[in-house]
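As recorded in Swiss-Prot, the features of this protein are as follows:
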- 3-23: transmembrane segment (TRANSMEM)
- 55-75: transmembrane segment (TRANSMEM)
- 80-100: transmembrane segment (TRANSMEM)
- 118-138: transmembrane segment (TRANSMEM)
- 161-181: transmembrane segment (TRANSMEM)
- 197-217: transmembrane segment (TRANSMEM)
- 238-258: transmembrane segment (TRANSMEM)
- 262-282: transmembrane segment (TRANSMEM)
- 290-310: transmembrane segment (TRANSMEM)
- 341-361: transmembrane segment (TRANSMEM)
Amino acid sequence: MQQIIISGSVAFLVSIFLTPILIRYFTNRQMGQEIREEGLQSHLRKRGTPTMGGIAIIAGITIGYLVTNIYSYFAGYGSFTASGLLVLGLMLGLGATGFADDFIKLYKERNLGLNKTAKLISQLAIALVFGLLVLRFPDENGLTPASTHLSFIRDIDTIDIAFGGGVLGTIVFLIFIYVVVSAWSNAVNITDGLDGLAAGATAFVMGAYTLIAFWQFRNSCDTAVEAGCYTVRDPLDIAVLAAGGLGATLGFLWWNAAPAKIFMGDTGSLALGGLVAGISVVSRTELLMVIIGALFVIEVASVAIQIAVFKTRGKRVFRMAPIHHHFEAVGWAETTVVVRFWLIAIMAVIAGMAVFYGDWLTLAEV
């Protein structure tokens, strides 16, 4: 528990104090967000607001993780783990992609950054490296950071994504990892359209996974093989990362809440999406994340529906997509949309936590 508190606290402090420094830096250099003319007119007032605030989030999570593991080493609790470092690397890689995208937008002074091909190749390369490495580094019990089985609350033994191994199985597994990484990184990116929306929603998810990973640690099959125990390689280090994500997003939210003084940009949204994806893989809860992160799923689904219906029927289901802009277009105030979407995110987290704990209770009683 000490490690979790340290990680969350350090991440929060780094984020909340670094963000205003970034605000001053970008403001003094007149480096601000460009807003599309064809978008909502109410958003034009945000033109020039500093962006790339995700730097503070990434710094908070990274420093919180490093400080915690250095403390753990000297306290005799162990130190860095393969699972934690791989997820951190995934987050940093996608954050770098987002940074390049944001930098190009600011340099060219238009709301278009990396082209789709460059962003796709970057996400693909990062996901493939992550996918190849998560099946390596077995611990003393033979557990690797991830398994080839599809996971809900724990591995589903009857569904082996890699078909037992081989070249074809490896390719299928890597495709699966790419889909997970791409889906969550783009989902958070799409959700980041209103002041505080993505930061708040991600904070709820990270809070849930701090509890989930800590519960997996307390009931690990490594310490006691009993009904309901979890075969997760490094649950405590996963909880440390999730706590860092919680602290960093809350620290950033202090400045990003409406009216936002700074935006996280693609630097932050892609990094946080990578964190969400990575944690779901190494905690072996990919399908559970769909419930806990349901708000992000709704946002992506609204875009997919809008595009599909428009291309097939030439009509629009929503005034604008993603769906948070639809509600703005029909007259909801931005803060109203954000708070109500936060409530949806909270309900999704509660539902996911209930399913997770219910599974443990069911097995523990057997």
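The backbone N, Cα and C atoms fix where each Cβ goes, and this holds for glycine too.
The transmembrane segment (262-282) is not in contact with the transmembrane segment (341-361), judged by fewer than 3 CB-CB distances under 8 Å for residue pairs 6 or more apart in sequence. Counting C-beta pairs under 8 angstroms (sequence separation of 6 or more), the transmembrane segment (197-217) reaches the transmembrane segment (290-310) with 3 or more such pairs.
Here the listed stretches are 3-23, 80-100, 118-138, 238-258, 290-310, and the one with the most C-beta pairs under 8 angstroms to the transmembrane segment (341-361) is 290-310. Ranked by number of Cβ pairs under 8 Å to the transmembrane segment (118-138), the listed stretches 3-23, 80-100, 238-258, 290-310 are led by 80-100. Of the candidate ranges 3-23, 238-258, 290-310, 238-258 contributes the most Cβ pairs within a distance under 8 Å of the transmembrane segment (80-100).
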